[in-house]
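Below is one structure, written out as structure tokens, with a few remarks after it.
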Amino acid sequence: MTTLHFSGFPRVGAFRELKFAQEKYWRKEISEQELLAVAKDLREKNWKHQAAANADYVAVGDFTFYDHILDLQVATGAIPARFGFDSQNLSLEQFFQLARGNKDQFAIEMTKWFDTNYHYLVPEFHADTEFKANAKHYVQQLQEAQALGLKAKPTVVGPLTFLWVGKEKGAVEFDRLSLLPKLLPVYVEILTALVEAGAEWIQIDEPALTVDLPKEWVEAYKDVYATLSKVSAKILLSTYFGSVAEHAALLKSLPVDGLHIDLVRAPEQLDAFADYDKVLSAGVIDGRNIWRANLNKVLETVELLQAKLGDRLWISSSCSLLHTPFDLSVEEKLKANKPDLYSWLAFTLQKTQELRVLKAALNEGRDSVAEELAASQAAADSRANSSEIHRADVAKRLADLPANADQRKSPFADRIKAQQAWLNLPLLPTTNIGSFPQTTEIRQARAAFKKGELSAADYEAAMKKEIALVVEEQEKLDLDVLVHGEAERNDMVEYFGELLSGFAFTQYGWVQSYGSRCVKPPIIFGDVSRPEAMTVAWSTYAQSLTKRPMKGMLTGPVTILQWSFVRNDIPRSTVCKQIALALNDEVLDLEKAGIKVIQIDEPAIREGLPLKRADWDAYLNWAGESFRLSSTGCEDSTQIHTHMCYSEFNDILPAIAAMDADVITIETSRSDMELLTAFGEFKYPNDIGPGVYDIHSPRVPTEAEVEHLLRKAIEVVPVERLWVNPDCGLKTRGWKETLEQLQVMMNVTHKLRAELAK
């Protein structure tokens, strides 16, 4: 018989119950006991949903109050020593301080979990880090599930992935792999505690196997699993997010009892493991996207596997369902307005039922679930033939693009002369990245307008009032190139998604980004086009208030793609180019309306990098082409800006230069302009605006601090190509500190201009 198990489940609840309880607890509106009760209730509901899908094993240990890697830091005693906390007796309050910081210590750094949009808390390893086991988190959840009469499988991130996703800290140089001999006995203790609590199978997650691991890390798997296999539980080694075919010989040799592979992201790896002689868990339902599976097609694969493996076949989702929204059935608006699209989707609970159907078909025959299989096929057929998805005009436009469609008319050296001829900017021109503070009044007006409580005319008047204020304040500060402040935008992707065809939105399609923060990504379900102008009216109104140049503001195609649930029936590169052409229509309309400085933000270009470096070039080629397609066709005198905010550029600088934006603004203040050095060494050919102060803090920098950064920038970038700007948009700041911060920036700029003019 085929076994059905779950790898992990969303933590926050169908209606973000955990988020709201956490935030009430942080505001001291509920007690710790009340928060614990909400969490216990959510865990029970999650397990019951898994049991209702006829799961043989429910997942335990995956629930967390903040992040599963933070739980592991506590369980192994690897919490940062700088907090002075005892990992053996850590209070919930202290746990949250690790994640959020306190008055004495900054929070543990966050970064993205492999290539997902989930953020984990990065372990801080020192040469002298000591580990100490505390299995309470995992044991408690195992016992809770057992008390409900359920068979449970604890899930723990493995020791090599744990070390891999951490960072070396401290003055002493060392390799974190050297900590393995100290860490391994602690893992043995944790697994032993789980065995003593009744665990039969333990899932150990090693997604690090899907990235380019150095040889010594790969070799280490032999000793690690030789040691862990001595624990008297059965071990399911779980891999996901990509192919592990290159490690097939190693994985087959490890003394574990089963292996999980991701057959959604990497179906081609099945051939490498079809002869595996232990339990093979096939991840066949997508744990990272929201599309209903064609179960008949999936069955073709798993029936062949079952014929080979018999009872050794397990089935599951490709990875934890953490990355998908909870329940499609609550999306009543979507069902009413887009019934076809609704029928093509599957959120977490629907995916559990897809797995139930697959298990029944395998164990009892297809006839036992004939109705469900017919419904799955009908949805797949409807989607394949829908005129809502496939549009001949969009396909033709892409197909008819000439070979040089993504190239500007002239090289940068010619364009910058044409731009400067009319812009007539001083040395060290100043600008803002885009957004200004989103006040309570702005949010209330937007909410009232969406609910129909505020007329379109009144809403427009409220937004224009905010725009006028933003323009006036920038003029008072003497900024050179102005922005309109984006008062009308709730979110930099959602705003455009609502105005482009091929996008849809949910009411409750939340997924956890980190801690209590959840995001509700748009769904790109069909061919993308722009029915009408999206930003022209706002930008031209702002331009009418000033003689200074006004920047048009757009979110770039790659970022819109990365921060959405993307259709899986055509290549992502094709979707990205469709978005690019829709944005290009907007660029040309802005230009026609007299907006001759246009910014196309691409904060997510780096996030899209594939896990394996061999796949980088292909991605960077189509990502760069998409950006250029969005900005092509305009006159040389129109200046295209882009903005990027992340901490590592060196390895993709040629690709960034190939995007050929006239001006790039980047986040650099927190790294003390270190990032800029890479641009200098690379001899980045176009204009650069390094951020001269950190907008993530309300603190107003001193003039000396800003001057220090600007002087460092002048050492690296030719002064005639240097812009001055904050690190990022000002949406999350208050007005008071915003104006004070910008005033400091302007004072320093004026001082250095005077000095350079001598």
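The backbone N, Cα and C atoms fix where each Cβ goes, and this holds for glycine too.
Annotated 5-methyltetrahydropteroyltri-L-glutamate binding site per Swiss-Prot: Arg16, Glu17, Leu18, Lys19, Lys112, Arg517, Cys518, Trp563, Glu607, in sequence order, evidence recorded as sequence analysis.
Sequence-distant contacts of Asp601 (L-methionine binding site), defined by Cβ-Cβ distance under 8 angstroms and a gap of at least six in the same chain, are Gly434, Met492, Met553, Leu554, Thr555, Gly556, Thr559, Thr642, His643. According to Swiss-Prot, the L-methionine binding site annotation covers Ile433, Gly434, Ser435, Glu486, Asp601, on the basis of sequence analysis.
Annotation source Swiss-Prot lists L-homocysteine binding site at Ile433, Gly434, Ser435, Glu486, Asp601. The 10 Å shell around the Cβ of Ser435 (L-methionine binding site) contains 22 further Cβ atoms across the protein chains shown.
According to Swiss-Prot, the feature Zn(2+) binding site maps to His643, Cys645, Glu667, Cys728. Secondary structure at His643 (Zn(2+) binding site), as computed by DSSP, is strand.
Per Swiss-Prot, active site, proton donor is recorded for His696. The Cβ of His696 (active site, proton donor) lies under 8 Å from the Cβ of Arg670, Asp727, Cys728, Thr732, each of which sits 6+ residues away along the same chain.
Cβ packing within 10 Å was compared across the binding-site residues Arg16, His643, and the lowest neighbour count falls to Arg16. The number of other Cβ atoms within 10 Å of the Cβ belonging to Lys112 (5-methyltetrahydropteroyltri-L-glutamate binding site), over all protein chains shown, comes to 15. On the backbone, the CA of Glu667 (Zn(2+) binding site) and the CA of Ile433 (L-methionine binding site) stand 10 Å apart.
Of all the binding-site residues listed here (Leu18, Ile433, Cys518, Cys645, Cys728), it is Cys518 whose C-beta has the fewest other C-beta atoms within 10 angstroms.
You'll find the Cα of Leu18 (5-methyltetrahydropteroyltri-L-glutamate binding site) roughly 34 Å from the Cα of Ile433 (L-methionine binding site). In this structure the residues listed as binding 5-methyltetrahydropteroyltri-L-glutamate are Arg16, Glu17, Leu18, Lys19, Lys112, Arg517, Cys518, Trp563, Glu607; their two most distant Cα atoms lie 29 Å apart.
Each residue contributes its Cα atom, and for Ile433 (L-methionine binding site) and Lys112 (5-methyltetrahydropteroyltri-L-glutamate binding site) these two points are 23 Å apart. Excluding the listed site residues Ile433, Gly434, Ser435, Glu486, Asp601, the same chain places Asn432, Val483, Met492, Met553, Gln599, His643, Cys728, Gly729, Lys731 with Cβ atoms within 8 Å of the centre of the L-homocysteine site Cβ atoms.
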